[in-house]
């Protein structure tokens, strides 16, 4: 039963209704390696989970031509918009995976592939009965440990305080991750501001930044 469900999810994940040279194809039998992501091998690789309209990764890709950016996004309208922006800027260091990363993550990529992973404003699922749907949990931290090398970085942002506090506790319990300086930041300069983040700031919402370094595999 579990195997049948997994096969069905892989089938859904592979069912993209349009094609693009900027797509990567996930496979249940072969993990993606840095040698087959782009036409060349980059110095470092950056993964954005839930890339939305692509503005964050595209801004960073323009500034960091020696880094390969992989975007995981499941919504077709956002993917189409991102592709148009990639083409507009003639970027050769951005690729997209149309895969729900809550279904498949470490199953898709080889170990230690990414030096940085970004997760911006995932659904906080505020109601207690929905907490099990939250992306960041102990299993997710294990996935980060697989995909990041030692000293690899994870960037996270949310505007929901209880979720931020829960994640801080998860990282404390893990022991594998360490804050760079402080456990919680109110500003972050390493990552461009997304449309969603700007909107929340304009609404007067507090943004919680939780950035961690992998110190123990």
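Using the three backbone atoms N, Cα and C, a Cβ is placed for every residue, glycine included.
Around residue 48 (S-adenosyl-L-methionine binding site), taking its Cβ as the centre, 26 other Cβ atoms fall within 10 Å, counting all chains. Residue 48 (S-adenosyl-L-methionine binding site) carries a strand DSSP state (E or B). Taken from Swiss-Prot, the feature S-adenosyl-L-methionine binding site applies to 48, 73, 100, 123, supported by sequence analysis.
Swiss-Prot lists 123 with the feature active site, giving similarity to another entry as the kind of evidence. When secondary structure is read from DSSP and collapsed to three states, residue 123 (S-adenosyl-L-methionine binding site) falls in the coil class. Here residue 123 (S-adenosyl-L-methionine binding site) comes close to 133, 134, 135: these same-chain residues lie at least six apart in sequence, with C-beta atoms under 8 angstroms from its C-beta.
Look at Swiss-Prot and you will find 127, 159 tagged as substrate binding site, backed by sequence analysis. Counted within 10 Å of its Cβ, the other Cβ atoms near residue 159 (substrate binding site) come to 18, all protein chains included.
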Quick note, residue 127 (substrate binding site) and residue 100 (S-adenosyl-L-methionine binding site): C-alpha atoms separated, nearest Å, by 22
Cα-Cα, residue 48 (S-adenosyl-L-methionine binding site) versus residue 159 (substrate binding site), nearest Å, comes out at 18
CB neighbours within 10 A of residue 73 (S-adenosyl-L-methionine binding site), counting all protein chains shown, number 24
